[in-house]
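Chemist: First, the structure itself, so that you have it in front of you.
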Amino acid sequence: MLKLMGSLVLLASAAEVIASPAAEPVAPSTTLEKRAPCTFSGSNGAAAAMASQKACSTIVLSNVAVPAGTTLDLSDLADGTTVTFEGETTWGYQEWSGPLLKISGKNIKVKGASGATLNPDGARWWDGQGGNGGKTKPKFFAAHDLTSSSSITDLHILNTPVQAVSINGCDGLTITDITIDNSAGDTQGGHNTDAFDIGSSSNIIISGAKVYNQDDCVAVNSGTDITFTGGLCSGGHGLSIGSVGGRSDNTVENVSFTNSQVTNSDNGLRIKATKGKTGTIKGVTYSGITLSSIRKYGILIEQNYDGGDLKGDPTSGIPITDLTMQNISGKGAVASSGYNIAIVCGSGACSNWTWKSVEVTGGKTYGSCKNVPSVAQC
């Protein structure tokens, strides 16, 4: 009897163990470790910033001296990082292709503090040849793959060796109140100092830019939904589409240049489609543009670009459609040796244009316009 009762007790205990619920597993914490604010300065600042970039929530670059032949490479930033330049950022001299600065990431905020300057001291490379020979010159700022509402604000860039800002692979980038001042290059051999070269990018807004240079103020080589507004362009080649054609991406669509001024420049407004190539230029708008002191062409639209303007017969492989030119003020703007408006289109390749309140005078009438849409003047 005792044995029976003992067995029953053991069975009951076992049943309790079996019936007891298993302990709840502990879920791993979903709270990410907070990233720290970081400040870097001096000759070791660039290397330290690059090594620590993933761990910093904010990066302050205070009077950083970047060594010669080095890219200040901030292309591995954590999402949402803010990068602020303070004081003067400088770069050592070396002949190489660059870039001197590279920034990439999602929801990245790049800012210039009051009085801050990014100064690559491009005059050390200037020789009048730009990217066509002479010294090998580094491009300045590769703003590549900046996405998800990234922004660049209040930068002051002084004297780039050649091109200033390359925008490529970006989607949702806003650039506000940036100054690119290469005006010293007018007398010291600056060449190919494009301010903004844009390719394969979408949803780009550049607002309030001030540009003094010796090449395109803006060149949109490919991309969609791009706006340049409230800008000043002085000394260069004006507001350009292209050249389009002969690249991996040859589509330009929905690009607007509005409420801006082009002065002291070779060209005012220019659209360049490369001869013998294919692509698309659609939905480009120039509106509310003031031209003054233009040396060569007030408005130049060409489908025979071949490394130089107006080379031979135009071709039709890159149609220019849905173009709008309106409220273009350029009375007396063009030098007497220049041309007010030149339009050279391939057969049937320029269509559905809007042309309203366009006044560009002071220069000569171009005598070799071709296939001009009836609404336009040439």
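Every residue gets a Cβ built from N, Cα and C, even glycine.
Just lifted these from Swiss-Prot, have a look:
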ACT_SITE  Asp215  active site, proton donor
ACT_SITE  His237  active site
DISULFID  Cys38-Cys56  disulfide bond
DISULFID  Cys217-Cys233  disulfide bond
DISULFID  Cys345-Cys350  disulfide bond
DISULFID  Cys369-Cys378  disulfide bond
CARBOHYD  Asn254  N-linked glycosylation site
CARBOHYD  Asn327  N-linked glycosylation site
CARBOHYD  Asn352  N-linked glycosylation site
REPEAT    170-200  repeat 'PbH1 2'
REPEAT    201-222  repeat 'PbH1 3'
REPEAT    252-273  repeat 'PbH1 4'
REPEAT    281-303  repeat 'PbH1 5'
SIGNAL    1-19  signal peptide
Chemist: Do any of His237, Asn254, Asn327, Cys369 (recorded positions) have a CA within 10 A of Asp215 (active site, proton donor), and if so which?
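Modeler: Those near Asp215 (active site, proton donor) - Cα within 10 Å - are His237, in sequence order.
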Chemist: Return one of helix, strand or coil for Cys38 (disulfide bond), based on DSSP.
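Modeler: Where Cys38 (disulfide bond) sits, the three-state DSSP reduction gives strand.
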Chemist: Given a Cβ distance threshold of under 8 angstroms, which distant residues of the chain, six or more beyond its ends, lie next to the repeat 'PbH1 4' (252-273)?
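Modeler: Beyond its ends, the repeat 'PbH1 4' (252-273) has Cβ neighbours at 217-218, 220-245, 279-303, 305, 309, 317-318, 320, 323, 325, 328, 330, 333-334, 360.
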Chemist: By DSSP, how many residues in the repeat 'PbH1 2' (170-200) are helix, how many strand, and how many coil?
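Modeler: Split by secondary structure, the repeat 'PbH1 2' (170-200) comes out as 4 helix, 13 strand, 14 coil.
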Chemist: What is the Cβ neighbour count of Asn327 (N-linked glycosylation site) at a 10 Å cut-off, with all protein chains included?
Modeler: 15
Chemist: Are there residues of the same chain, six or more positions away from Asn352 (N-linked glycosylation site), whose CB falls under 8 angstroms from its CB, and which are they?
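Modeler: Same-chain residues close to Asn352 (N-linked glycosylation site) (Cβ under 8 Å, separated by 6 or more) are Thr321, Asp322, Leu323, Pro373.
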Chemist: If we count other C-beta atoms within 10 Å, could you say which of the disulfide-bonded residues Cys56, Cys217, Cys233, Cys350 has the fewest?
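Modeler: Ranked by other Cβ atoms within 10 Å, the disulfide-bonded residues Cys56, Cys217, Cys233, Cys350 bottom out at Cys56.
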